Amino acid sequence: MGTNYRRVLLKLSGEALMGNMGYGIDPEVVKEIAQEIAEVIATGVQIAIVVGGGNIFRGVKAASAGMDRATADYIGMIATVMNAMTLQDSLERIGVQTRVQTAIAMQELAEPYIRRRAIRHLEKGRVVIFGAGSGNPFFTTDTTAALRAAEIDAEVIFKATKVDGVYDADPEVYPNAKRYNSLTYAHVLAQDLRVMDSTAIALCKENNIPILVFDLTTRGNIRRAVLGESIGTLVGGSCEIS
């Protein structure tokens, strides 16, 4: 079965791991995500993952409540490592070799982030999960995803969310909101469509890395994305606005 990509970076929000629980990690949701990733790995596609931590702790929210912003962001980084280790466990229990690499040294728990080692793991068919964000406060995990994608030469970023693409307005508030099939980086930035934060979009634009935004809750969508099926919204430099 042919695939459209050789190496992809999958961006998972922390919220994607909590399902309908409202907080924390839903083991069944993580299991389903792991099974989808295993199916994609079986096609020969290399997968790296950046996972958020918003299901456990949100640094921006804590900072707005009075916590020191840098401290809040570091706590959020630790939350991403908890999610990374949970996903690693779920993947390895179904036979998918997985390595967690963290931007902050946690030698008893994970490898340090080393670009060449990460690429070597991918070449050997292992999943690599990047935890602890970029290791720096004031940067989002979306920006980390763009940075890591550029570093490992990923061909695309899959941003798996709870909505089925990018809309011109919040579809939960405006039922008639229009979903885009494709967008340019410039339009996303000009219209502040919040596909990712502006730093992440700028990094993707500079390095010509397309972003596919799609619904993770629909079973099989990761595989569909890899096969090039028409799902979600594609953001890129040469995309038409439609």
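From the backbone N, Cα and C atoms, a Cβ is placed for every residue, glycine too.
The feature ATP binding site is assigned by Swiss-Prot to Lys11, Leu12, Ser13, Gly14, Gly54, Arg58, Thr161, Tyr167, Asp170, with sequence analysis given as support. A C-beta separation below 8 Å, combined with a sequence spacing of at least six in one chain, links Ser13 (ATP binding site) to Val51, Gly52, Gly54, Asn55, Thr141, Ala160, Thr161, Lys162. Under the three-state DSSP scheme, Ser13 (ATP binding site) falls in the coil class.
Contacts of Asn136 (UMP binding site) defined by a Cβ separation under 8 A and a same-chain sequence distance of 6+ are given as Ala103, in order along the sequence. Following the DSSP three-state reduction, the secondary structure of Asn136 (UMP binding site) is coil. What Swiss-Prot lists as UMP binding site is Gly53, Asp73, Ser134, Gly135, Asn136, Pro137, Phe138, Phe139, Thr140, Thr141, and the listing cites sequence analysis.
The region 'Involved in allosteric activation by GTP' feature in Swiss-Prot is assigned to 19-24; the stated evidence is sequence analysis. Nonlocal intrachain contacts for the region 'Involved in allosteric activation by GTP' (19-24), taken as residues 6+ away from its ends with a CB within less than 8 angstroms of a stretch CB, comprise 55-56.
Each of Gly59, Gly76, Met77, Gly133, Thr143, Thr144 belongs to the same chain as Gly53, Asp73, Ser134, Gly135, Asn136, Pro137, Phe138, Phe139, Thr140, Thr141, is absent from that list, and has a C-beta within 8 angstroms of the C-beta centroid marking the UMP site. Within the set Gly53, Asp73, Ser134, Gly135, Asn136, Pro137, Phe138, Phe139, Thr140, Thr141 that the record links to UMP, no two Cα atoms are more than 15 Å apart, and one pair reaches that distance. Within the region 'Involved in allosteric activation by GTP' (19-24), the DSSP-based counts of helix, strand and coil residues read 0 helix, 0 strand, 6 coil.
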